[in-house]
Amino acid sequence: MKQQGLSFEPFEVLVNSGDTQQLQPPITLIPGYLNQEQQAALLNEVKSYPLSRPEVQVYGQTHPIPRTQVWFGDSGCDYRYSGLFVSALPWPKYANKLREKLYRDFKLETNGVLVNRYADGRDSMGWHCDDEVEIRSGSDIASVSIGARRDFFIRHKVSLQKYQIPLNSGDLLIMHWPMQNEWEHSVPKRLKVMEPRVNFTFRLLTKHYHPK
Ligand SMILES: O=C(O)CCC(=O)C(=O)O
Ligand SMILES: [Fe+2]
């Protein structure tokens, strides 16, 4: 199922570039995709994840990322992003159940998931796009959020038109191909947020892209 821009209307446009054509990011938002029980099972499972805070290079300087994360995937689905190389750890039970559910519901095929944990509103993710070479051309990225509500921003790379989408616990946001080529996204700091949030982004990689 591909529903391009299905839930477009409610999004708040922050920057409108005058008389240029209004662009729409190719996304589908499904609020409340996971019920309370599914959310609780995942949140409980996250407690056992080997989350880490890797250091990345930004303009020649090394900084720990402002959140913790872990990458799970099928064997051979290792991932290189932000100058890091991460081998796929085997799928935990409920993360894998969610992957299977995405396939059942949307025929969305994925073989890896990046889990990001934002401890509170001081944690964040800067502007980026998920356009790494090992991501399969034509594939969609499915993002599931659990925990604190956080604002998700989408910005067009050329016109800089920007959308703000509040993501609540249990929401699913599908970023359809070729969104990553044309748009960036971010999760800015929100200092009033005191609760943690966990986000799962399911991706489809070319297996064995990185030879062992
Ligand atoms: O936490 C989010 O909603 C976004 C995560 C993200 O963009 C990513 O993992 O690449
Ligand atoms: Fe991303």
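The backbone N, Cα and C atoms fix where each Cβ goes, glycine too.
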Further 2-oxoglutarate ligand in TrEMBL, beside Asn116, Tyr118, His128, Arg197, Thr201, Arg203, within candidate set His185, His210: His185
Besides Tyr79, Arg80, Tyr81, which of Asp123, Asp131, Asp140 does TrEMBL list for that substrate site? Asp131
Result for ligand 1 contact check over binding-site residues Tyr81, Tyr118, Asp131, Thr201 with Cβ cutoff under 6 A is Thr201
At a 10 Å cut-off from the C-beta of His128 (2-oxoglutarate binding site), count the other C-beta atoms across all protein chains. 12
Check His185 (2-oxoglutarate binding site) against DSSP and tell me helix, strand or coil, would you? strand
